[in-house]
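Undergrad: Take this structure, written in structure tokens, and hold onto it; I'll ask about it next.
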Amino acid sequence: MNETIAKGHLSEEQIDKDLLKNVNWGGKFKLWMGFLTVSLIICLYYYYQQLQNGLGVTGLHDYVSWGIYISNFVFFVATSLIGMLVSSVLGMMKVEWVRPVARIAELVALAFAMVAGLIIITDMGRPDRLLNVFIHGRVQSPIVWDIAVVVTYVVISGLLLYIPMLPDIALCRDKLNNVPKWQQKMYRSLSLGWNNTAKQFRLMNRYTRMLLILIIPIALSIHTVTSWLFAMTLRSGWDSPIFGPYFVSGAFVAGCAAVIIAMFFFRNNYKLKEYITADHFDRMGKLLVLVALVYVYFNINEIIVPGYKANTADAKHVHEMLYGHDSVMFWLVQLGGLVIPFLLILFKPMRKPLPLTIIAVVILAGAWFKRVLIVVPTQLAPYYPIQNVPEGWTGYSPTTPEVAITVASFILVVMIITVLAKLFPVVPIWEVKEDMNHKNNK
Amino acid sequence: MKNNKGYHIIILFCLCFLAVANVNAQSDWQAPAEENEKLSPFLFDDDMVLEGRIAYENSCTSCHGTPGQDDFTPMSPPPGDPAAEQFQAQSDGSMFYKIKMGRGTMPKFEDAFADDELWNIVAYIRSFNEDYKQELPNMEGVVIPEYAMSLSFDENVDKLVVKVFAEELPQPEVSVSAYVMGTFGKHLLGKAQTNELGIAYVDVDPTLPGDEEGKVNVMVKATKEFARAKVEKHMVMAKPTERHSAIEGRHIWSTDRMAPIWLKITFFVSVFGVWFALLFIVFGLRNIKKAREEA
């Protein structure tokens with residue numbers, strides 16, 4: 001019998017108790033939030049510096065104008081795509097085992113997508129001119145398309161988190177009597193008078209299905225358009241027609257890794273071993289194998305096709321990667337962050353929760369540096385050679401403010417996930433119960 | 001017999017070697033006496049120098065290098081730098097003869113250039129010699145006719161019609177060359193000789209690009225012995241060029257207002273379509289609230 005859906009021995013009350021237990025503001029949470037807040041404030045001090053002095057405090061310059069901010073943005077957009085894969089593609093294919101972890105995937109997606117928009121603003125020297133993008137933006141510009149899809153994706157992800165959660169919010173409203181007043185009020189208004197009526201379920205399912213269908217093209221276009229920001233520029237290393245699928249496949253790798261890490265965290269801290277089982281990790285591991293395989297395939301294409309040619313600018317770019325200036329990072333990322341982890345998780349013992357989580361951390365780190373490799377080296381090899389410029393413009397290294405602001409984006413993501421996971425149950429209670437009843441009645 | 005053949009070949013090689021060695025040894029190259037004394041019928045002016053330069057750069061630089069730079073190709077005998085003293089020491093006639101006839105590795109340019117063009121090259125080579133004073137032929141008793149030319153275009157046969165007169169009389173056997181003047185140089189249309197009516201026909205390529213009205217600036221030269229004439233005229237004989245602004249019309253690279261229609265439609269239909277669906281869902285949430293009582 002399958003472990004992921006075998007909860008026959010749990011009573012409904014037990015499930016309610018287990019899954020609602022985490023909706024509280026315990027001491028541990030306050031400590032953790034305090035730590036995050038202090039770190040965030042330190043990082044924000046650097047952002048204040050950047051606001052005062054402009055982008056001069058970063059390592060960016062005329063040649064490398066997209067540094068780790070944009071790499072980080074690409075990484076965030078990528079990671080947020082997993083919500084679509086898990087809840088929509090697998091959900092609609094009626095893959096039952098994903099249901100308990102679908103909400104975690106949605107949380108990860110929403111948090112990363114929300115912060116991705118903010119990262120773009122940190123890359124602006126004059127954020128006060130943000131509105132100009134909307135006033136003077138050209139409809140021909142992929143940047144305008146990107147803004148349109150990112151905003152849309154955030155809204156869809158939010159709705160997709162919220163609407164299927166209605167029964168659980170109602171449960172919070174009914175069962176949690178010892179939470180603060182404002183919180184009770186919030187549950188009351190957010191639950192939309194949920195009463196478990198058949199019609200309400202019907203409506204909820206209808207809207208959810210609509211969203212699940214909508215999110216597929218939006219998620220695909222959010223990352224395809226992000227890749228077009230690069231691919232539509234005439235530059236060696238970017239000027240590639242497969243950049244869209246290349247980015248999307250890479251996104252699933254990063255997203256799977258992020259979800260595995262989040263799953264591990266919730267399972268241990270929220271004591272959810274009965275709900276997020278070892279079998280879930282095994283299956284997520286297998287999913288990771290699949291998406292990594294596709295990504296490796298695209299990587300091979302991205303390298304061998306331009307690299308095969310003798311003396312084109314693209315070939316030079318690939319050669320720089322393979323054995324030139326960027327080779328150390330390149331091989332660390334490709335072998336250490338992709339191929340070796342991929343080979344490891346082919347073996348079942350490596351798909352146990354702890355080893356898989358460690359591998360996922362390595363993959364996620366590799367995925368981040370991979371984005372830097374995509375964004376930065378190309379700008380250092382323009383078609384017109386870099387000449388007669390200040391020293392230091394022939395290279396790029398991020399400064400402390402840049403690193404701190406990037407760290408801030410991660411802190412924000414963790415904060416958003418933490419708060420949401422404290423306000424709402426991270427495992428969909430009604431779906432677990434439904435599953436169980438379904439199984440028991442068989 | 002067979003052995004004998006090999007023997008012959010060896011002898012032949014030796015003879016060849018001797019011949020080559022002989023040429024090498026005979027390093028100074030003399031033009032025949034009467035060629036040596038030949039003088040340019042034309043006064044070397046800036047125009048000739050410029051023309052000569054173009055011809056030189058196309059046909060001579062590969063071996064002789066840039067005059068004055070001593071960068072000629074090393075070979076035996078050496079081609080020499082045209083600006084060098086030794087090179088300049090010879091007469092105009094000798095230079096003219098050597099370029100025209102060639103010797104050994106020095107190609108023969110007789111078929112490549114007409115006489116006046118060869119003199120252009122000599123004029124160019126001489127322009128590197130500050131001490132040079134052109135010796136002009138003795139013109140006493142020689143009457144140089146003064147040419148007048150009239151140009152017209154026969155659009156039925158796409159030909160430029162050049163009439164050459166001197167004192168109202170048609171001039172036969174005059175060499176005529178016609179050019180189209182451009183911003184950075186000129187394009188040779190063709191060369192012809194006048195017939196007994198003093199008329200020469202030069203073919204015109206009908207696809208030649210002209211200005212908006214199909215006009216081009218035509219330059220025609222007529223030469224015969226010492227006589228020389230040149231006219232320039234704007235003539236309608238080429239294809240009119242329609243000029244378009246690079247940002248005319250709708251383009252990906254244009255302003256927002258001039259974005260391609262298909263792009264605008266695609267973008268706004270998708271964005272509004274998706275947001276319409278989202279608003280539909282958001283407003284639909286009210287229905288969930290309404291449905292709280294079981295019907």
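A Cβ is built for glycine as well, from the same backbone N, Cα and C atoms used for every other residue.
Quick paste from TrEMBL:
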TRANSMEM  A:29-48  transmembrane segment
TRANSMEM  A:68-92  transmembrane segment
TRANSMEM  A:104-122  transmembrane segment
TRANSMEM  A:142-163  transmembrane segment
TRANSMEM  A:210-231  transmembrane segment
TRANSMEM  A:243-266  transmembrane segment
TRANSMEM  A:287-308  transmembrane segment
TRANSMEM  A:328-347  transmembrane segment
TRANSMEM  A:354-374  transmembrane segment
TRANSMEM  A:403-424  transmembrane segment
Undergrad: Can the transmembrane segment (A:354-374) be said to touch the transmembrane segment (A:328-347) if we require at least 3 CB pairs below 8 Å and skip pairs under 6 apart in sequence?
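TA: Counting Cβ pairs under 8 Å, at least 3, so yes.
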Undergrad: Looking only at the recorded stretches A:68-92, A:243-266, A:328-347, A:403-424, which one has the largest tally of CB-CB distances under 8 Å to the transmembrane segment (A:104-122)?
TA: A:68-92
Undergrad: Counting only residues 6 or more past its boundaries, what in the same chain has a CB within less than 8 Å of a CB in the transmembrane segment (A:403-424)?
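TA: Counting only partners 6 or more residues beyond its ends, the transmembrane segment (A:403-424) has Cβ contacts under 8 Å with 22-25, 29, 32-33, 36-37, 39-40, 42-47, 50, 68-69, 72, 76, 107-108, 110-112, 114-115, 118-119, 122, 161, 165, 168-169, 172, 183, 186, 262, 266, 270.
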Undergrad: Who are the long-range neighbours of the transmembrane segment (A:328-347) in its own chain, taking Cβ under 8 Å and residues 6 or more past its ends?
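TA: Result: 253, 285, 288-289, 292-293, 295-296, 299, 321-322, 355-356, 359, 362-363, 365-367, 369-370, 372-373.
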Undergrad: Applying the under-8 angstroms CB criterion, which one of A:29-48, A:68-92, A:142-163, A:287-308 scores highest with the transmembrane segment (A:243-266)?
TA: A:68-92
Undergrad: Where else in the chain does the transmembrane segment (A:29-48) make close Cβ contacts, counting only residues six or more beyond its ends and a cut-off under 8 Å?
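TA: Long-range Cβ neighbours of the transmembrane segment (A:29-48): 57, 122, 400-401, 404-405, 407-408, 411-412, 414-415, 418-419, 422.
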Undergrad: Which bits of the chain, at least 6 residues beyond where the transmembrane segment (A:68-92) starts or stops, bring a Cβ under 8 A of a Cβ in it?
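TA: Sequence-remote neighbours of the transmembrane segment (A:68-92) are 58, 98-99, 101-102, 105-106, 108-113, 115-116, 119-120, 122-123, 150, 153, 157, 160, 209, 212-213, 215-216, 218-220, 222-223, 226, 247-248, 250-252, 254-256, 258-259, 291, 364, 367-368, 371-372, 374-376, 398, 402-403, 405-406, 409, 413.
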